[in-house]
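Pulled from TrEMBL, these are the features on record:
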| type | residues | note |
| --- | --- | --- |
| TRANSMEM | B:27-46 | transmembrane segment |
| TRANSMEM | B:52-72 | transmembrane segment |
| TRANSMEM | B:79-98 | transmembrane segment |
| TRANSMEM | B:129-151 | transmembrane segment |
| TRANSMEM | B:158-177 | transmembrane segment |
| TRANSMEM | B:207-226 | transmembrane segment |
| TRANSMEM | B:247-267 | transmembrane segment |
| TRANSMEM | B:273-297 | transmembrane segment |
| TRANSMEM | B:304-321 | transmembrane segment |
| TRANSMEM | B:333-357 | transmembrane segment |
Amino acid sequence: MTTTRPLALEVTGLRVEFDGFVAVRDVDLTVPAGELRFLIGPNGAGKTTVIDALTGLVRGTGTARFDGHELLGRPVHRLVRAGIGRTFQTASVFEGHTVLQNLDIAAGLHRRPTTLLRRRRGVPEEVLRALDTVGLDDLADRPAGELAHGQKQWLEIGMLLVQDARLLLLDEPVAGMSGEERAATGELLRRISRDRTVVVVEHDMEFLRNYADTVTVMHRGSILAEGGVDEVQSDPRVIEVYLGAPLDAPTATATARATGRETR
Amino acid sequence: MSTAERTAVTATRTRGLRRILRPRARLWLGTLAAALILFVVAPAALSGYQFGLLAQFLCYAMVAVGIGLAWGQGGMLTLGQGLFFGIGGYAMAMHLQLDDAGPGGVPAFMSLYGSGTVPAWWEPFRDPWITIGTIILLPAALAALLGYAIFARRVRGAYFAILSQALVAAFAILLIGQQASTGGSTGLSNFRGFFGYSLADPLNQRLLFFLAAGTLIGMVLLVRLLMRSRYGELLVATRDQEMRVRFLGYNPALVKTVAFVVSSVFAAVGGALFVPIAGIISPSDVAVVPSIMFVAGVAIGGRATLLGPVLGSLALSWVGAQLQDNYPSVWSYFQGALFVLVLGFLPQGFATLGGVLRRRKGDSR
Ligand SMILES: Nc1ncnc2c1ncn2[C@@H]1O[C@H](COP(=O)(O)OP(=O)(O)OP(=O)(O)O)[C@@H](O)[C@H]1O
Ligand SMILES: [Mg+2]
């Protein structure tokens, strides 16, 4: 599972329109293999929409290639089979199923359909490995609905691991997490990005500084800046879109917003 | 980990153990009890009339078991199972009519209403094997085509319910309009034999009952198997989070279609067995109202459980028959009231009563 060479994501001229409103325009994005790339930007910048376009949830034009596959215009389940995986801003695990069942369903992608008719006996190898990687071994038999918010996000990441996604697009995975959980998630992202291509949408500057390789800043549907955390943080255009304040200031609002969404 | 958490985990573990030990025993005991009731107690305790009624109810319950799978597990509220019940029923009725008429013969009603010749599309039903094949394969194919087309367009919830109901309404209208070949609104009746056995013979009636009982038990066991399989887990996951399932690389339309096909075949088999048992099939047996009744039993019993649909359906049919005989005018009101009451207090049906009570007790402690 972890021996194959990671692959790069190359997006050029991505554009997404909603009834005449251009949510994403002229986005060129290259994420080299094995990189942990962060995608930031103010509210409504189009970050989620970029992920939606790359995973077949909304229609986008332009090109987006991964592993020689064109991603745009293909149905969701085909993209998943080509190794694209994502999480959502709001955790979406199967709440009535146990952690183990959630992971087992995610692993089904690589099983023959006939295995569906049989009962699950024992725990598949890749599920055990994912349980270990995301640190949910002790909770394997717990219904996913009972997990804490952070644990649900880890379970989602675990599901991407068992489905053997090579490109992971994570939409605000640490929003609403405690400091400890954030650190654990950061380490987890580090570990899994070593042999995968990972794009993370996140606002928290502290988190970015600790874990980002490169940061891409979006604003009003296009890319504003790209580079290391320090480089981006001192970019006057980036400072301007964050209301002229240094980047740490909107972080607080972003976190508050995300937390608000989580406790809603 | 806090103590509370640890206790919770231990509790889950023991519950896990029980889950391994108990189902086996429950399966055998349950099957045995059902067989005992249906094969020994029912024939001994019931009058001939009641016995015949129960046989009909077993056929309705087959539809309910299928609805339990499609709706309870898969989230597809189908208000149109009469369509499949009707296909099975009419296919069987056509065969019985032709069989009664003898080789090359013409069913009596055709001489009465029609040209006195058997329409070409009736002819294949002279053959018993073609008939049985049609009863299973035609609904399966139709459900697969319809289901996939509907689910791939992401038609869900109330829209699917309305669509399925419209289909069954159209089907009933079609049947009524074709009096010369379907018997119109009076339907097909007066069958004398069933694959060579006389339907007037009480022994054969008893055998038919046993056939229906065995088939029903088999269907419940099959649903149990499906529910506990990986497919069952996937189906529930699709019901709860269709989008997420899609993002795991599955095609949710396909997952749902499989359950819909199984449920439709169950309905068709129920319809086919209903015909020799009830001695009639008419548009009023397959139209909108019976289609809703099938669902009502499932809802009252508990759609997401294994036994809720079958027991709910049987109970509703039984109570309905008692009331209909004694108080024909209030029956429909009672039925509506029951429906509202049960679903108001137990949205998941009677089968969840135990769990709800236990939670109450736990809360008040
Ligand atoms: N389905 C849709 N229909 C119409 N407009 C949409 C749709 N989805 C998103 N938008 C618009 O596209 C723009 C980009 O939205 P998007 O959700 O991608 O922003 P974001 O960068 O993820 O913001 P946030 O940080 O709040 O999550 C917004 O103006 C939003 O209102
Ligand atoms: Mg977003």
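Each residue, glycine too, has its Cβ placed from N, Cα and C.
Tertiary neighbourhood of the transmembrane segment (B:27-46): same-chain residues 54, 58, 206, 209-210, 213, 216-217, 220-221, 224, 307, selected by CB-CB distance under 8 Å and a gap of 6+ residues from either end. In this chain, the transmembrane segment (B:79-98) lies out of contact with the transmembrane segment (B:304-321); the count of Cβ pairs under 8 Å, excluding pairs fewer than 6 apart in sequence, is fewer than 3. Comparing B:52-72, B:158-177, B:207-226, B:247-267 for CB pairs under 8 angstroms to the transmembrane segment (B:79-98), the maximum falls on B:158-177. Counting C-beta pairs under 8 angstroms (sequence separation of 6 or more), the transmembrane segment (B:273-297) fails to reach the transmembrane segment (B:129-151), with fewer than 3 such pairs. For the transmembrane segment (B:52-72), the residues of the chain that approach it from at least six positions outside its boundaries are 38, 42, 46, 78, 81, 84-85, 205, 208-209, 212-213, 215-216, 219-220, 223, 226-227, 259-260, 262-267, 269-271, 273-274, 277-278, 293-295, 297-298, 301-306, 308-310, 312-314, 317-318, 321, judged by C-beta separation under 8 angstroms. Within the chain carrying the transmembrane segment (B:129-151), a Cβ under 8 angstroms from the stretch's Cβ atoms is held by residues 76, 83-84, 87-88, 91-92, 94-95, 160, 163, 167, 252-254, 256-257, 260-261, 263-265, 267-269, 271-272, all 6 or more beyond its ends.
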